[in-house]
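Copied from Swiss-Prot, the annotated features are:
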{"type": "BINDING", "residues": "His116, His120, Asp309", "note": "Fe cation binding site"}
{"type": "BINDING", "residues": "Gln138, Val139, Ser140, Gly141, Gly142, Asp171, Gly184, Asp188, Asn277", "note": "substrate binding site"}
Amino acid sequence: MTKKDIRILAFESSCDETSTAVIKNGREIESLIVATQIKSHQRFGGVVPEVASRHHIEVITQITKEALAEANATWDDIDAIAVTYGPGLVGALLIGVSAAKAASMATGIPLIGVDHIMGHIMAAQLKDEIEYPALALQVSGGHTEIVLMKDPIHFEIVGDTRDDAAGEAYDKIGRVLGVNYPAGKTIDEWAHKGKDTFHFPRAMMEDDDYDFSLSGLKSAFINTCHHADQIHEKLDKYDLAASFQASVVDVLSHKTIRAIKEYKPKTFILGGGVAANHGLRDRLAEEIEKLPADIKPKVILPDLKLCGDNAAMIGAAAYNLYKAGKFSDENLNADPSLELPYADSMLK
């Protein structure tokens with residue numbers, strides 16, 4: 001008797017990407033559709049929630065059909081329907097949740113609600129097998145966290161940002177530099193052309209915990225630029241980008257390496273939109289390579305196309321919940337403030 005393949009149709013609509021995917025056995029992408037809204041939000045310098053919701057409504061039915069067609073699947077081939085239910089923009093989340101619930105009720109296919117952050121981390125599962133326990137640095141527009149995983153469904157935060165997330169900081173300083181939203185890719189490219197000449201602060205780098213603070217860096221950057229404007233001094237944009245990125249990468253990599261030394265995970269994962277940053281990817285790979293062999297974890301850096309918001313990562317995470325029998329019912333609702341649990345040590 002052959003083992004039955006498990007196919008999951010996944011929805012993602014937590015922010016400004018509408019995405020659907022069909023994932024087989026939690027590892028194989030049979031289809032992935034992403035309808036981006038970046039051009040609609042660029043003129044505003046960031047995501048406008050109402051605009052995002054309207055775009056989700058316009059495309060979600062069509063991209064659901066496209067995901068099934070690309071996977072050569074019908075509803076009869078789908079074993080579960082997965083959807084991001086938080087965190088994110090409440091209006092945007094509701095579009096995906098409503099679509100997934102409607103499909104589940106109409107077809108009788110089980111429903112699985114997925115935490116968006118769990119999805120970002122599980123994008124690694126689409127590239128390679130994760131050995132547990134695992135540790136992840138999750139860096140995106142809304143979150144900057146170090147997450148410990150004892151298995152595929154039990155996650156706890158051991159380090160968190162106390163103010164700005166890394167991606168948020170990139171976008172805010174991007175506005176100062178005149179870079180279109182989203183600014184991360186351009187600043188990363190500029191950083192590789194400049195030098196760390198401004199020596200911006202590395203907040204909390206030597207603190208005993210694994211928390212982060214990026215608001216001071218953001219303020220120092222903005223003040224430097226404003227002061228230069230006042231005295232009519234022209235600053236090199238490449239050096240500004242390099243100095244900003246050096247500060248972010250130094251702090252993130254330093255605390256991540258310390259966490260690896262303490263928790264000794266078998267696998268290290270970099271997840272989230274900022275995981276596409278080449279400066280961060282390169283530094284972490286270099287620092288982990290220097291670790292002693294007995295504590296050096298396997299490293300999984302997700303493919304660049306899976307760093308941003310997408311439904312494939314939601315399908316991967318949902319597969320683990322499916323295998324554990326963790327299903328949702330018709331009462332599933334959007335939870336814009338949904339959080340992974342914090343480690344007990346952080347609550348003392």
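Cβ coordinates are placed from backbone N, Cα and C, and glycine is handled just like the others.
Mapped onto this structure are the features recorded in Swiss-Prot.
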{"residue": "His116", "record": "Fe cation binding site", "contacts (Cβ under 8 Å, 6+ apart)": "Glu12, Ser14, Thr84, Gly86, Pro87, Gly88, Asp309, Ile314, Leu338"}
{"residue": "His120", "record": "Fe cation binding site", "contacts (Cβ under 8 Å, 6+ apart)": "Gln138, Ser140, Gly271, Gly272, Ala275, Met313"}
{"residue": "Gly142", "record": "substrate binding site", "contacts (Cβ under 8 Å, 6+ apart)": "Pro87, Gly88, Ala165, Gly167, Glu168"}
{"residue": "Gly184", "record": "substrate binding site", "contacts (Cβ under 8 Å, 6+ apart)": "Gly167, Tyr170, Asp171, Gly174, Gly273, Val274, Ala276, Asn277"}
Sorted by sequence, non-His116, His120, Asp309 residues with Cβ within 8 Å of centre, Fe cation: Glu12, Ser14, Thr84, Gly88, Ile117, Gly119, Ser140, Gly272, Gly273, Asn310, Met313, Ile314
Structural state of Asp309 (Fe cation binding site), classified by DSSP into three states: coil
Most distant Cα pair in Å, residues Gln138, Val139, Ser140, Gly141, Gly142, Asp171, Gly184, Asp188, Asn277 binding substrate: 18
Per DSSP, three-state class assigned to Gly142 (substrate binding site): coil
